[in-house]
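For reference, the structure is listed below as structure tokens.
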Amino acid sequence: MWFKSYSMTFACLNWMKNYRLPWTRPYSTSRTTVDSSEVKTFLALAHRWWDEQGVYAPLHSMNDLRVPFIRDNLLKTVANHQPGKPLSGMKILDVGCGGGLLTEPLGRLGASVIGIDPVDENIKTAQHHKSFDPVLDKRIEYRTCSLEEIVKDTVESFDAVIASEVVEHVVDLETFIQCCFQVLKPDGSLFITTINKTQLSYALGIVFSEQIAGIVPKGTHTWEKFVSPEKLESILESNGLSVQTVVGMLYNPFSGYWHWSENTSLNYAAHALKSSLQEHPAPAEFALKGETGELQAEASTNSDVQEELKK
């Protein structure tokens, strides 16, 4: 009987050791989500962002889907909006903004947008391009930095965080999602577009797109970093973000256009909300104490456990 008692006690202690409330865990700027090898790849392409027929043509075309996807879901959260500037009054963070391909359309919809990217040449390209439009020059701000570097100064600052074609390039996805949660206001929206981790995505996303057709440069993607909708949803939910929508996206390399699909085996888009109930979450140490207390109370009222402990 002693062995059974020991096993029960060990299991309980092991559960307590591993238990955590991810969204209450303090963020750490010492942990980076940026892959230095990815930075080198995008540095070499920094001057090509606004070539609509070049390597970033699929991202230009993707705006036909992702801009309305972001706009329409954000408008569900407001009672009234200004015609012509429906996102007026909203503050958006565009993470991994590159040359500003998505940042600018969001600014034109009236939002105040901060675009961040770890590649300085990308930010220089983005700043140069927006300088031609005085309206955008006032609504958009660009910064060379990673997401984790701005968390402390921007806690609960944004109505929306955008990570479009970004999560498949980060080295620590969970830390990245935790940082997204921290900078979002209660009821704020997180929008992600990325690539599923399937055999089909490897065959078409890497072998065909990079090695055969040359739609994107070789080495742009690493299949091991791709993430399935199921895994992404699990990470989002475990970090205080409630998934609202996951929908497939398909790109036709011959027409150059994207369309929505029920099939998520290649690309997909996701929308998640930060619950207002987690506006002031309890510190992790107190949450753990509370859970420990519940376990102790349950053990004290369970005669079977008591008998096992006595033996």
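Glycine is no exception: its Cβ is also placed from the backbone N, Cα and C atoms.
TrEMBL lists Arg66, Gly96, Asp117, Ser164 with the feature S-adenosyl-L-methionine binding site.
The Mg(2+) binding site feature in TrEMBL is assigned to Glu165, Glu168, His169. Applying an 8 A CB threshold to same-chain residues 6+ apart, the list for Glu165 (Mg(2+) binding site) reads Leu59, Met62, Gly96, Thr193, Thr194.
The binding-site residues in question are Asp117, Glu168, and the one with the fewest Cβ neighbours inside 10 Å is Glu168.
Less than 8 angstroms from the CB of Arg66 (S-adenosyl-L-methionine binding site) sit Leu102, Ser164, Phe191, Thr193, Ala269, each of them six or more residues away in the same chain.
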